[in-house]
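**Student:** Starting off with a structure, shown below.
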Amino acid sequence: MDTAEVILSVLVVVIILVSLLSNVLVLICFLYNPEIRKQVPGLFNLNLTFCNLLLTVSNMPLTLVGLVSKAQPGGDGFCQIVGFLETFLSTNSMLSMAALSIDRWIAVVFPLRYHSKMRHKDAAFVLGYTWAHSMSFSTVATCLSWVGYHRFYASCTLFNPRASSRTQFVIFTVFFHSFTFLLSLIVLCVTYLKVLKVARFHCKRIDVITMQTLVLLVDIHPSVRQRCLEEQKRRRQRATKKISTFIGTFMVCFAPYVITRIVELFPAVLINPHWGIVSKCLAYSKAACDPFVYSLLRHQYKKTCTDIINRLLKRSSLNTSGRMHENQVNSIVPAE
C-alpha cells in the first residue's frame, strides 16, 4: 500500500467509528425520550439512523477490506447482496433527508395546519414510498446483474463489466441518480429556501419591533442597545447557517461521488485511481455527519444526552457511596 492508500484506510476507519458512535447515540436518545418518539420528524430521523447504521456495519468495513487487500471481499453472491444493500441504503437515506426537509417546510410555512398535514400516518406513507423507491432500483440492478465489485471504489456497488448491455446500464445509471440524488437535492433546495424566506420575514418583523422599542427607550444604556443589535444580527445569520448546513453537507458528501459515477460512463474520460476511493469516503462521511446535522445538535437531543449522562453518573456515585458505606460498616463490626 502506498501513502495515499494508507491515509484513505485510516479515513475509512475514522468514518466508521464516528458514524457508529453518533448513530447509536441518536438511537439511544430516541428510545430514552418519549417526547422524541411522539414527534413526526422522529420517524424520519429513526429511518435515517437505521440506514446509516446498517451502511456502517455492512458496507464500510468491506470497503476497507477491499482497499487494504486490493481484492473482492467474498464471493460474487455475497458481493451482490452487499451491493444491493449499498444501493438500497444510500437511496433510502437521501430520500429520508428530502422527507425531513418537507416536514420542516410544512412546520414553518403552515404552522397552524402542521398537525393536520403531517401526522404519523402521513409520515408512514412517506417512509413507505422511500422504501418502495429504494427497493425498486436496487432490485432491478441486482436482477440484471449490474451489481458487483468495482475496483475503482474498492467496494461492491453498481457495476457492469459486460459490454453487451452497456447502453442499458448507462440509461439506468443516469435515471437512477436523477431520481435519487437530483430529486432529493431539488426537494432540499426548494423546501429549505422557502423555510429561509419565511424565517427572514419573521426576523425582519422582530427587528422592526426591536428598533421601535429602542427608539422609545431613549435612556437605554449604549451597551444594552449594542447587545440588542448584535442579537438581531445573530438571529438573521442563524437561519442561514442552518439551511446552508443542510444543503451544503448533502452537496459536499454526495455530489462528488454521483458526478464521478456519471463521468465514468464515458470511456474517453480518465479518472485518477485514488479519486474513486475519495469520493466514496465522502459519500460514507454523510452517515457520520447526519446525526449531528439532524439530531445531536438540537436542544432536545442535547438535553436527553445530558439526562442520560447525569443518570449514569448518579447511579455510579450511588453505587460507589454504597460500597464505601459497606466497607466502613465491615471495618467497625468485627467478623465472627
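Backbone N, Cα and C define each Cβ position, glycine as well.
Sharing the record's features from TrEMBL:
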TRANSMEM  6-32  transmembrane segment
DOMAIN    22-294  domain 'G-protein coupled receptors family 1 profile'
TRANSMEM  44-68  transmembrane segment
TRANSMEM  124-149  transmembrane segment
TRANSMEM  169-195  transmembrane segment
TRANSMEM  243-263  transmembrane segment
**Student:** Same chain, outside the transmembrane segment (243-263) by at least 6, Cβ under 8 Å from its Cβ: which residues?
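**Tutor:** For the transmembrane segment (243-263), the list is 94, 97, 101, 158, 173-174, 177, 181, 184-185, 188-189, 192-193, 195-196, 269, 271, 275-276, 278-280, 282-283, 285-286, 289, 293.
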**Student:** The domain 'G-protein coupled receptors family 1 profile' (22-294): mean pLDDT?
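**Tutor:** On average, pLDDT over the domain 'G-protein coupled receptors family 1 profile' (22-294) sits at 87.
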